[in-house]
Amino acid sequence: MLIDKYGRVVDYLRISVTQRCNFRCRYCMPTTPFSWTPKENLLTFEELFLFVKVAIDEGVKKIRITGGEPLVRKDLDVFIKMISDYKPDIDLALTTNGFMLPHFAKRLKDAGLKRINMSLDTLNEQKAKFIAQKSVLHEVLAGFEAALDAGLKVKINTVALKGFNDDELVNLLEFAKFRNSQIRFIEYMENSHAKEDLKGLKSDEILKIISQKYNVTKDEKLPNAPASIYRLDDGYKFGIIDPHKHDFCESCNRIRLSAEGLLIPCLYFEDALSIKKAVANGDIVAASEILRQVLANKPKENKWALGAENETSSRAFYQTGG
């Protein structure tokens with residue numbers, strides 16, 4: 001079992017398999033010219049899988065595949081099957097923008113994937129084009145339906161932005177509700193690599209908008225979950241992720257592995273260690289020791305929760321993994 005110095009059980013591993021993405025979302029990607037980490041510098045699926053086995057054997061019970069956009073990496077379903085075959089009852093999930101799901105949803109399900117979190121910030125084609133910087137909405141919505149048809153559980157992630165989709169929050173909630181999917185509204189997380197003068201809505205502003213149509217009641221927060229849960233009178237539940245609040249970190253159970261092999265204890269801290277050499281050499285003992293070292297580096301709270309309201313991440317989110 002993995003337990004950090006604050007007594008939190010860490011049983012959730014988020015793995016970024018690529019930095020690359022087929023979107024250029026304004027709140028994620030840099031506005032200035034940048035280059036991807038060369039493919040030859042990324043961990044192979046075999047190297048990633050070696051660390052996955054170490055993590056599972058140490059007590060990890062949940063794995064989420066992220067990017068970039070994970071589906072742009074070739075043979076992702078093969079990697080998912082490797083994990084599923086090793087630990088069939090592992091909680092195995094994927095975060096995606098949904099664009100490529102019409103082609104991959106069934107293959108992912110057959111490989112052992114159980115759940116998908118899908119980004120959907122708007123139901124308006126022009127707004128979607130503005131955020132992603134390409135026409136995407138038709139394919140994204142088709143991907144949502146393809147995932148449901150394949151038998152995957154789908155949760156929607158919506159970044160709530162002032163003057164952009166604040167007039168759509170109720171429509172997005174109803175879109176998810178009528179399709180028996182949960183939606184989570186995410187406060188915009190500032191990072192120094194994506195500056196578009198975007199302003200996020202705070203959790204109380206999101207609740208105020210939804211409460212104009214629905215009676216909203218605070219529900220019990222799920223253990224280790226980052227989202228605060230709210231319930232409508234008909235029983236439908238939705239979430240709000242607010243990383244600025246103190247309790248966002250108090251039960252954090254996750255660590256992150258970047259595509260190039262950096263094991264990261266927290267999205268907003270830079271105390272990462274590389275497992276690249278260990279897994280390239282097939283050194284399970286060294287990989288396990290690095291895992292323990294990173295666990296020891298895991299902070300009690302992120303910088304926002306510590307009071308740094310204007311803090312931004314110095315590492316771009318597409319590099320760390322969503």
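Each Cβ is built from the backbone N, Cα and C atoms, and glycine gets one as well.
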For the GTP site, Swiss-Prot lists Arg64, Thr95, Lys155, Arg254, Ile255, Arg256; sort out which one of Arg8, Arg14 goes with them. Arg14
The mean pLDDT across the domain 'Radical SAM core' (5-226) is 93
For Cys21 ([4Fe-4S] cluster 1 binding site), which DSSP three-state class applies? coil
Give me the non-local Cβ neighbours of Lys155 (GTP binding site): same chain, 6+ apart in sequence, Cβ-Cβ under 8 Å, ordered along the sequence. Arg115, Ile116, Asn117, Met118, Ser181, Gln182, Ile183, Arg184
Among Tyr27, Gly68, Ser119, Met189, which the record lists as binding S-adenosyl-L-methionine, how far apart in Å are the two most distant Cα atoms? 16
Select the closest residue to Gly68 (S-adenosyl-L-methionine binding site) from the following binding-site residues, measuring between CA atoms: Cys21, Cys25, Arg254, Arg256. Cys21
